[in-house]
Amino acid sequence: MAVLSAPGLRGFRILGLRSSVGPAVQARGVHQSVATDGPSSTQPALPKARAVAPKPSSRGEYVVAKLDDLVNWARRSSLWPMTFGLACCAVEMMHMAAPRYDMDRFGVVFRASPRQSDVMIVAGTLTNKMAPALRKVYDQMPEPRYVVSMGSCANGGGYYHYSYSVVRGCDRIVPVDIYIPGCPPTAEALLYGILQLQRKIKRERRLQIWYRR
């Protein structure tokens, strides 16, 4: 067996075999290129692509961009969800609000009134009779408002997809921002969905869009 050696290091034996069994294999650096006889070896390395954010065109747009960052920071740090538990997924939603996961440390506080909420968590099976109530609660929420679809039943009907009394996805009634798969999804999955919603809010540019009109 060959002896492995690196520059600056002494050769060592493997499994007690002598170095005379085979030729020594020199360790190659990570960034060293392999020399080949083909024409591709003479081609220069391509530069890495860099995503450069567009610079503000004026001072006013710069101020508006900073205001957007400030508003988005305050908005994503104080999400107040409206509980809309419809089935077994609501148990995991309550589990996330319990001390084990402590959702309050992310600024997420459940509210009982839709007029004080900016997030709706649709947890469970949405039936045809419950659909008008869901839309009514959504219309009572102030702007900007977000919807989290929790579980397979809320996403697309789930186990009751072919039932005559079930809406095949709550996105047919209200616009959905975050989909959380699972039957039911765990509390960790719901918490991850809330964190993804915070990332989405961070990238919003509502004031810049208003300023450019």
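Including glycine, each Cβ sits where the backbone N, Cα and C put it.
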Feature hydroxyarginine, as given in Swiss-Prot - residue among Arg76, Arg100, Arg111, Arg168:
Arg111
For Cys183 ([4Fe-4S] cluster binding site) and Arg111 (hydroxyarginine), determine the Cα separation and express it in whole Å.
25
Counting all other Cβ atoms within 10 Å across every protein chain shown, which of the binding-site residues Cys88, Cys89 scores highest?
Cys89
Could you state the CA-to-CA distance between Cys88 ([4Fe-4S] cluster binding site) and Arg111 (hydroxyarginine) to the nearest Å?
20
Looking at the binding-site residues Cys153, Cys183, which one has the fewest other Cβ atoms within 10 Å of its own Cβ?
Cys183
